[in-house]
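As given in Swiss-Prot:
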SIGNAL    1-19  signal peptide
DOMAIN    20-148  domain 'C-type lysozyme'
DISULFID  Cys25-Cys145  disulfide bond
DISULFID  Cys49-Cys133  disulfide bond
ACT_SITE  Glu54  active site
CARBOHYD  Asn58  N-linked glycosylation site
ACT_SITE  Asp71  active site
DISULFID  Cys83-Cys98  disulfide bond
DISULFID  Cys94-Cys112  disulfide bond
Amino acid sequence: MLKALFICVASCLLVVNDGNIIHRCSLAKILYEEDLDGFEGYSLPDWLCLAFVESNFNISKVNENVDGSFDYGIFQINSRYWCNDYQSHSENFCHVDCQELLSPNLISTIHCAKKIVSGPGGMKNWVEWKLHCLGRPLSYWMTGCHLG
């Protein structure tokens, strides 16, 4: 009985977790307002492609890695280096709780992503961005988006 209740609650949480998808153009506008267009040489389409390949625009996505660390939020920021999840050792270079990276208010996420991109490797720190976005035409990510 307890096991069935746990499965039911876990399933409900997964459904809620999947419901925090931001529209591509809404994200573009927020990123533009936070001065990410051209930040460290990366365009808005780079950021949109990153958000898509990492989380499919899911602000509340959490993913466990084989090393026991977790990736959080729309950019899947890793707990081993960038945020504190209070579960495993973290360098916490962004000085932020990992749970803040799941907030619909993307300011903490954006500040942390800026810190990551400003360091060695830039967006190449995200393997999925390297595999699916780097060196590809990305302008279509802005199709239909009006920033003004």
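Cβ coordinates are placed from backbone N, Cα and C, and glycine is handled just like the others.
Feature annotations (Swiss-Prot) mapped to structure.
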residue	record	CB count, 10 Å
Cys25	disulfide bond	16
Cys49	disulfide bond	23
Glu54	active site	23
Asn58	N-linked glycosylation site	20
Asp71	active site	22
Cys83	disulfide bond	28
Cys94	disulfide bond	23
Cys112	disulfide bond	23
Cys133	disulfide bond	22
Cys145	disulfide bond	17
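Shown in sequence order, Phe70, Tyr72, Ile77, Ser79, Cys83, Asn84, Asp85 are the residues of the chain, 6+ apart in sequence, with a C-beta less than 8 angstroms from the C-beta of Cys98 (disulfide bond). Across the domain 'C-type lysozyme' (20-148), the DSSP tally of helix, strand and coil residues reads 53 helix, 14 strand, 62 coil. For the pair Cys25 (disulfide bond) and Asp71 (active site), the C-alpha distance works out to 24 angstrom.
Comparing CA positions across the disulfide-bonded residues Cys49, Cys112, Cys145, the one lying closest to Asp71 (active site) turns out to be Cys112. Distance between Cα atoms for Cys94 (disulfide bond) and Asn58 (N-linked glycosylation site): 21 Å, as a whole number. Rounded to a whole number, the distance between the Cα atoms of Cys49 (disulfide bond) and Asn58 (N-linked glycosylation site) is 13 Å. Cα of Cys145 (disulfide bond) to Cα of Cys49 (disulfide bond): a span of 14 Å.
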